[in-house]
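Novice: Below you will find the structure I want to go over with you.
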Amino acid sequence: MTEVGAFANCREISTSVLFGLASVSVVTRTIIRISQRRLRPAIDDVLVLVAYGFLLATFVIIYVKVINPMYWRPSPDLPPLELAARIMNTTYTLHVWTFVAMTTATCSLGAVKFSFLWFFKKMIDRIRAWEIYWWAVMLYTLATLVYAVTLPFTGCPFFYNPRVVECSAGSRKKLILNQAIVYYALDITSDILILAIPVGIIRKIRVRPSQKVVLAISLCLTVVIIALGIVQLAGLIYNGAVDSIWSAYWQFVITEVGVILAAAVAFRSFFVTRSKPLIAGFSANGRQKMSGRLNMSTAGRSWYRNQGVSMDSTVDVEEVELTGSQSRTSNSTEVDSQYRSADSLMQAGRGAQAAATSLSRASAHSLPAAHVV
């Protein structure tokens, strides 16, 4: 086996293994989300499925249309004219389908980033400053995606044209390299901007340091994509020419890893949902939300303040959405008992306050009579 064949086999094995892991991760995430939401997917769930759809299209295109032309070696026995024609036809085919695969992979990675953004949006709900920042990052990421999709048509727009050879080692090589550097800079900046959201959240919440480490590992997953993007850019030029094989391979790997990481977010929320004992309330949109604060009446809060108890001493817990009949049936018994206990406590407080008031009035009436006697 030649060195080229060995590298080709390694790349095929690595991309196939990663694609299998991505498929298993997406299927597992879908099962988890269905068990949590009873067939009511959120936007980030849909975006993960869209990302996997683009990834599947990329996988099929690469293994059906790209692999064979990419590693094709002409036979030395062919006549010169036929050999030249075969080389040009193979170059045209490889050029077109590589750009198609790169475009679908870029769209898949964009869907992954939007999935992260929508997942993080739930954590900054009703925080004005973070909402403005979120929309700014969303628009920036969208603009970066549009720029990435248009690169094949601006850097090397020669389809089935002999000038296509200028794109790798000719006059347009510098343009393609500069466009790639700009794209990777924009893309890495987008990842860092997205990464700032969970970092800011982790800094604010009050949990044990060990829990912060777990949250940091599970939420700040875009660091892996940033590192792979740097590797892709570092090997873009090889022997003085643009290495399209290197670029396509790492773009595919980055997309597969991105889909795996996006699907892995559901695993963390699944275990958090199962392990957090929370008290249910209702939001404006009709969904049950779990919070760590009981809604007490004004009289109940006044009685607690009279007893010297601070009502601001609440427990910070993560807010988790539970929708559908599952949340109503699984938590109704515990929630009803908690609310009955709270109501009984408030009624006892009001009764004690009324008894104290009656006693003070009785004392006020009895003291003057004793003075006259």
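Using the three backbone atoms N, Cα and C, a Cβ is placed for every residue, glycine included.
Below are the features I grabbed from TrEMBL:
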TRANSMEM  13-34  transmembrane segment
DOMAIN    29-271  domain 'Rhodopsin'
TRANSMEM  46-66  transmembrane segment
TRANSMEM  96-120  transmembrane segment
TRANSMEM  132-160  transmembrane segment
TRANSMEM  180-201  transmembrane segment
TRANSMEM  213-237  transmembrane segment
TRANSMEM  249-267  transmembrane segment
Novice: Tell me if the transmembrane segment (96-120) touches the transmembrane segment (13-34). I count contact as 3 or more CB pairs below 8 A, with pairs 6 or more residues apart.
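Specialist: Answer no, regions not in contact.
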Novice: Give the nonlocal contacts of the transmembrane segment (46-66) in its own chain as ranges (CB under 8 Å, at least six residues past its ends).
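Specialist: Cβ under 8 Å, 6 or more out: 12, 15, 19, 22-23, 26, 29-30, 93-94, 97-98, 100-101, 104-105, 107-109, 111-112, 114-115, 118, 248, 252, 255-256, 258-259, 262-263.
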Novice: Report, as numbers and ranges, which residues of the same chain sit near the transmembrane segment (132-160): CB under 8 Å and 6 or more residues beyond its ends.
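Specialist: 92, 95-96, 99, 102-103, 106-107, 110, 113-114, 117, 120-121, 124, 166-167, 172, 175-176, 179-180, 182-183, 186-187, 189-190, 193-194, 196-197.
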Novice: Please work out the mean pLDDT for the residues of the domain 'Rhodopsin' (29-271).
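Specialist: Its mean pLDDT is 83.
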Novice: Counting only residues 6+ away from its ends, which parts of the chain sit with a Cβ under 8 Å from the transmembrane segment (96-120)?
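Specialist: Apart from its flanks, the transmembrane segment (96-120) reaches 42-44, 47-48, 50-55, 57-58, 61-62, 65-66, 69-70, 134, 137-138, 141-142, 145, 148-149, 152, 156, 159-160, 190-191, 194, 197-198, 201, 219, 221-222, 225, 244, 247-248, 251-252, 254-255, 258-259, 261-262, 265.
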